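J.: Could you have a look at this structure, given as structure tokens, before my questions?
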Amino acid sequence: MRGIWTTDHVRQAEDRLLAVTPEGALMRRAAHGVAVHAARMLAEHAGSVSGRRVVLLVGAGNNGGDALWAGAFLRKRGVGVAAVLLKPEKAHPQGLAALCRAGGRVVPLADGPQWIENADLVVDGIVGISAKGPLRPDAAELVERVTAPVLAVDLPSGVEPDTGAVDGAAVAATATVTFGALKPVHVLNPERCGEVVFVDIGLGDELGEPDLRRLDAADVAAAWPMPGPSDNKYSQGVTGVAAGSAAYPGAAVLAAAAAVRATSGMVRYAGHAADVVRWHWPEVVATGSIFDAGRVQAWVVGPGIGTGSAGRDVLVHALGQGVPVCADADAITIIAERPEVLDARDPDTPLLLTPHDGEFERLTGKAPGPDRVAAVREAARRFDAVVLLKGHSTLVADPAGRVLVNKARGSWLATAGSGDVLSGLTGALLASGLEPWLAAGVAADIHARAGELAARGVPASASGVLAAIPDAVRQARSLAP
Ligand SMILES: NC(=O)C1=CN([C@@H]2O[C@H](COP(=O)(O)OP(=O)(O)OC[C@H]3O[C@@H](n4cnc5c(N)ncnc54)[C@H](O)[C@@H]3O)[C@@H](O)[C@H]2O)[C@@H](O)CC1
Ligand SMILES: Nc1ncnc2c1ncn2[C@@H]1O[C@H](COP(=O)(O)OP(=O)(O)O)[C@@H](O)[C@H]1O
Ligand SMILES: [K+]
């Protein structure tokens, strides 16, 4: 599991490390990492390193210092380096001196655009982890002129480091070199960061518990349920799906099918779409009503069941069975309208809520807003449930405050029915006995991989995502060490 730390925690860790490190050593280590990657980018995008032109955009803090030192290192490889200082009087003095000693030049702000337009690579050292708000107009004007690839130092300037939010002008980087720790921006706004390159500056021991976590392929592979020699169809956990209706049979088919794709145990379906589900997926044991559905180890309730009294009765029944419940779609609206339905839940029964932004607002009375991590954490505490907040990057919080981030793999999953596939997948993992926080994180990972595999550059339908689940699981397993 990869840890991600907020800027406050990174700063505290840096301070502890700085106290026992020779002055300037950390910055040079960081800057060396920037220079190495800049050279790699020049070779890749411009065909060579020596003789190429790099422009540094240099802000008032240590982020600008990193850029200036990186410029000095690049000079040693024969690169022409020009620095545009946004606040000349505040530019990092040692970095500036190093660049000048190495033969780099400082160009006046007014000449910045012309240098930027002729650059082979632009290094964004405008602002780092102390950034607040969007780019100021002088920086924004320069960034607008950039056509060359951009290498961001630590993070793309103008993007909020702890939320990934963009509220005005901001850099869109081709790649970002970050130091010591991944910060929230790198997983919450991967598009703005481009390729994220991690440079170890020795912070590891100082960091403590991460604020957010990301699952690696190895975590997903390790968590994925595997039948053993003594397993049978019941022992692997039976998934129950209460979804769909006569009017919306599709949600039932997609959710039940995703569970079938994700478990080698048994899937039961209960609802008005039993015939359609049986016809498409003969392996599903389908019945017309949840009240005679038989035992399951987890229920998925909600997609397409409607928000009236019949849907409410189904949800209340599922919540009273003493098994984990994944409440999605209409089930979330039911809870939002009638919170007392949750009284049916035994306090020890795990509940997982999987809202998209609209459902989240209905449920909590407030849109997630720019700080999605804070919003989902608060909702998990309030409902004493694991909450999976859907979106480009998906977040999973538990009541204790742990948050998993699943970085998007493109936007093809924004297609009708893809949420139904996610809830079926999640239900199968819950039924297998995975703890709900991990089950939701693993499901989000496989869902995103399946979306990417199904799309490969063209639109993917929910049925396509569904069909790609086995390959997504194979992919995660093959990437594990
Ligand atoms: N502490 C250390 O030893 C290390 C720090 N490192 C670098 O230092 C950076 C942090 O440096 P600082 O704390 O000096 O801060 P920054 O360089 O992030 O920025 C501070 C300055 O930027 C201004 N600023 C804030 N928001 C702005 C905006 N939206 N537009 C324009 N200007 C804005 C602030 O007023 C302040 O003057 C890290 O991101 C990293 O790049 C690395 O060198 C690793 C080692
Ligand atoms: N822009 C996007 N990029 C990546 N994934 C997205 C994006 N928008 C939505 N998704 C994902 O697609 C799924 C949509 O779910 P949902 O809104 O419930 O759809 P539906 O109700 O049609 O099934 C979620 O898993 C969500 O995280
Ligand atoms: K930056």
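Placement of Cβ uses the backbone N, Cα and C atoms for every residue, glycine included.
The following feature annotations were taken from TrEMBL:
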- 10-209: domain 'YjeF N-terminal' (DOMAIN)
- 62-66, 128-134, ASP154, ALA251, GLY304, HIS356, ASP420: (6S)-NADPHX binding site (BINDING)
- ASN63, ASP124, SER157: K(+) binding site (BINDING)
- 216-476: domain 'YjeF C-terminal' (DOMAIN)
- LYS390, GLY391, HIS392, SER393, THR394, GLY419: AMP binding site (BINDING)
J.: Could you tell me which of the binding-site residues ILE129, SER157, HIS392, THR394 have their C-beta within a distance under 6 angstroms of some atom of ligand 3?
T.: SER157
J.: Quick check: which same-chain residues outside ASN63, ASP124, SER157 lie with their CB within 8 A of the centre of the K(+) site CB atoms?
T.: LEU57, GLY59, GLY64, ALA67, GLY125, ILE126, VAL127, GLY128, ALA131, ALA152, VAL153, ASP154, LEU155, PRO156, VAL171
J.: Any of the binding-site residues GLY65, SER157, LYS390, GLY419 with a C-beta atom under 6 A from ligand 2? Give them in order, or none.
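T.: Listed by sequence, the hits are LYS390, GLY419.
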J.: What three-state secondary structure does DSSP assign to GLY419 (AMP binding site)?
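T.: Reduced to three states, the DSSP call for GLY419 (AMP binding site) is helix.
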J.: Summarise the model confidence on the domain 'YjeF N-terminal' (10-209) as a single mean pLDDT, whole number.
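T.: Per the prediction, mean pLDDT sits at 97 for the domain 'YjeF N-terminal' (10-209).
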J.: Is any of ASP124, HIS392, GLY419 (binding-site residues) within Cβ reach of ligand 1, i.e. under 6 A, and which?
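T.: Near ligand 1: none of them.
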J.: For each of GLY65, GLY391, GLY419, count the other CB atoms within 10 A of its CB; which of these binding-site residues has the top count?
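T.: It comes out as GLY65.
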J.: Determine, using Cα-Cα distances only, which of these binding-site residues is closest to GLY65 ((6S)-NADPHX binding site): SER157, HIS392, THR394.
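T.: In terms of Cα distance, GLY65 ((6S)-NADPHX binding site) lies closest to SER157.
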J.: Using a 10 Å radius around each Cβ and all protein chains in view, which of these binding-site residues has the most neighbours: ASN62, ASN63, SER157, THR394?
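T.: When each Cβ's neighbours within 10 Å are tallied, SER157 tops the list.
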J.: Out of LYS132, HIS356, LYS390, HIS392, which of the binding-site residues has the smallest number of neighbouring Cβ atoms within 10 Å?
T.: LYS132
